[in-house]
Amino acid sequence: MATISSILPCHGLLQHCSSSSSSSKPKFSSQNLVQLQSFSNGFGLKLKTRVSTNPPLLKVRAVVTEETSSSSTASSSSDGEGARRLYVGNIPRNLNNDELRTIVEEHGAIEIAEVMYDKYSGRSRRFGFVTMKTVEDANAVIEKLNDTEIGGRKIKVNITEKPLEGMDIATTQAEDSQFVESPYKVYIGNLAKTVTNELLKDFFSEKGKVLGAKVQRTPGTSKSNGFGFVSFSSEEEVEAAIQALNNSVLEGQKIRVNKA
């Protein structure tokens, strides 16, 4: 097969190529490439039709980007759903979604109001969530409804993105101090973290006269230790509670009930 070098004499296309002993730099012009293109078609070579040896001028355009200020970012995030979503706790067990909406919407525009229910028993978990339309509405509801009474119960209203222990520590300590001791008492283990003293009392009241109910918590906090005690007025009620409620489900968890 014929080669390009055999067709094009050195003094033609490659006359400027230097020998290995030459100290001068090799020169190669765009005119040479144009000549080579005309011959390359017959050999199936793919060469660009023209290559400029003069590099084009680079046009550099400065692009100015506008940074979003931290204050505007904070403002945007504060208008997010988390800042408008309220936790409403310690509500009456018979309060439903519509009634919760009616109570809250007196103080601001609402998007969603929902009471939480236990998926196993279908009983109200005594708390719900309300999403307001604006942060201002949410703040107004907290101001007007937090620590007010509904159905004889003092409710707690907070923004959900604030860290919540589930209850106010002072309230929890006050409830614990009201626990009535009795020789007729049961131990309840494997309690869900959401179980409150009031919920525990209501759950066991179906099986006897409950004198006191207490979820054991880490001292100085409202963090549940996962167990509690319920006191009754008689031995018969203790036996009835153990027989009926041991291995029953409370707040989605199977509890253990034994004599304390």
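Backbone N, Cα and C define each Cβ position, glycine as well.
Listed in Swiss-Prot:
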{"type": "COMPBIAS", "residues": "63-78", "note": "compositional bias 'Low complexity'"}
{"type": "DOMAIN", "residues": "84-162", "note": "domain 'RRM 1'"}
{"type": "DOMAIN", "residues": "184-260", "note": "domain 'RRM 2'"}
{"type": "REGION", "residues": "63-83", "note": "region 'Disordered'"}
{"type": "TRANSIT", "residues": "1-62", "note": "transit peptide"}
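Regional average pLDDT for the domain 'RRM 2' (184-260) in the model is 89. Secondary structure of the domain 'RRM 1' (84-162), assigned with DSSP and counted as helix (H, G, I), strand (E, B) and coil, comes to 20 helix, 30 strand, 29 coil.
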